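Per TrEMBL, these features apply:
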{"type": "TRANSMEM", "residues": "58-77", "note": "transmembrane segment"}
{"type": "DOMAIN", "residues": "125-260", "note": "domain 'Peptidase S54 rhomboid'"}
{"type": "TRANSMEM", "residues": "134-154", "note": "transmembrane segment"}
{"type": "TRANSMEM", "residues": "166-184", "note": "transmembrane segment"}
{"type": "TRANSMEM", "residues": "190-208", "note": "transmembrane segment"}
{"type": "TRANSMEM", "residues": "220-240", "note": "transmembrane segment"}
{"type": "TRANSMEM", "residues": "246-262", "note": "transmembrane segment"}
{"type": "TRANSMEM", "residues": "293-315", "note": "transmembrane segment"}
Amino acid sequence: MDSPKKSDILIDLSKSQEFSGAKNSAKNGFNNEEAEKEEEEQRISFFGSISKNKETTWVISLFVFVHLVVFFCTLMVNNCWGKSHGECIFMLFQPLSENPLLGPSSSVLDRMGAVQRMVLANSHGMWRLVSSPLLHAGAFHLIIGQSSVIFIGINIEQKYGPLRTAIIYLLSAFVGSMMAALFVENSPEVCSSGALFGLIGASFSGLLRDWNMYEKKYLAVTELLIVFTINFALGLLPFVDNFSNIAGFISGFLLGYVLFFSPQLRKPALHKGLFDYGVKNSVTLKQKLDRPVLRAVSLVLFTLMVCGLVLAVLYDINANKYCRWCRYVDCIPSRKWICDIKKPSCKTVESGGETALTCVARDSYKILPSANISAARLQELCTLLCS
């Protein structure tokens with residue numbers, strides 16, 4: 001039997017290697033396709049819950065409950081039916097000419113702790129930087145604002161845990177109230193939306209830092225922009241401070257880069273602790289401290305922002321002196337409401353259980369069916385009468 005030629009053996013080896021290479025190439029291609037398919041399947045919706053654990057929303061629920069209680073107390077102090085002599089909406093709210101957001105009077109907002117220029121100039125008024133984020137200007141403001149907090153906040157708390165959510169919420173609220181103190185004029189302003197805008201800013205930074213992880217990204221951006229626009233538009237009405245919203249948004253955006261980490265695509269193991277349950281066992285310390293340069297830069301910028309605002313508030317800087325048009329960012333003037341409450345002069349005459357209030361500048365008057373009216377309420381009615 002003839003032995004195979006050397007050239008035939010080399011040809012067979014070459015064909016075998018080509019077949020093996022083609023097989024490996026096909027296998028690698030199949031693996032790459034499988035990996036890409038698996039990556040696409042693992043992408044999550046930004047506003048979708050990563051796990052089925054629904055118990056990690058107690059922080060947002062607590063904040064919403066506190067705001068509801070404070071608003072109820074504000075209405076009780078307002079006592080529209082007793083103090084406004086029946087000129088009320090649903091026996092609870094001031095007329096829309098006084099408060100277009102369906103809420104209490106400006107004097108009650110001031111009494112409950114809203115920020116105001118003439119009060120903050122006194123060192124004893126600094127407590128308003130803490131109280132003003134708890135207040136809402138009216139029912140419209142409360143319903144829209146707290147609905148937005150629930151929509152945005154629950155998503156953040158389920159992804160990153162209650163501790164990080166609480167830090168962003170509280171710091172954004174406080175930074176927002178400090179910014180409001182620099183621009184506020186004579187009208188009392190509430191700063192509760194600063195915390196909401198902090199959550200919106202944090203949502204943007206969380207979305208941007210893990211952009212490739214999410215599906216329907218542009219839909220998420222659109223939803224965030226809608227929430228932003230609606231609540232910013234509310235800030236163009238009286239008593240809601242838009243500068244606190246702007247500062248809260250910047251704070252939340254920076255804090256999101258400082259505190260957030262890449263969410264896990266798999267169902268996390270539960271850990272029933274006070275903070276970070278549902279996250280602690282599934283995310284390593286290395287993952288929580290990824291991108292150190294970005295975290296450090298964001299932390300430095302946030303620290304500089306806070307320090308600058310603290311110094312500006314302590315030195316009682318009035319930012320309106322350096323930016324005349326900025327007032328229109330906070331409130332758009334209209335015949336239906338008053339943006340900057342001034343103190344015009346009015347004459348009062350009490351007779352027969354009634355009070356006649358006369359505006360000196362316009363020679364207009366109003367008969368009030370009571371002689372027992374506080375000085376703050378009389379000044380408020382005088383402003384409305386003379387406007």
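Residue positions begin at 1 at the first shown residue.
Just so you know, glycine gets a Cβ as well, placed from its N, Cα and C.
Taken as a whole, the domain 'Peptidase S54 rhomboid' (125-260) shows an average pLDDT of 94 in this prediction. Between the transmembrane segment (246-262) and the stretches 58-77, 134-154, 166-184, 190-208, 293-315, the greatest number of Cβ pairs separated by less than 8 Å involves 190-208.
Beyond the ends of the transmembrane segment (190-208), by six or more residues, the same chain brings 46, 63, 67, 109, 114-115, 132-137, 141, 145, 148-149, 152-153, 155-156, 159-160, 165, 168-173, 175-177, 179-180, 214, 217, 220-221, 224, 227-228, 231, 234-235, 239-241, 244-257, 259-260 to within a C-beta distance below 8 angstroms of the stretch. Mapped onto DSSP helix, strand and coil, the domain 'Peptidase S54 rhomboid' (125-260) counts 108 helix, 5 strand, 23 coil. Between the transmembrane segment (166-184) and the stretches 58-77, 134-154, 220-240, 293-315, the greatest number of Cβ pairs separated by less than 8 Å involves 293-315.
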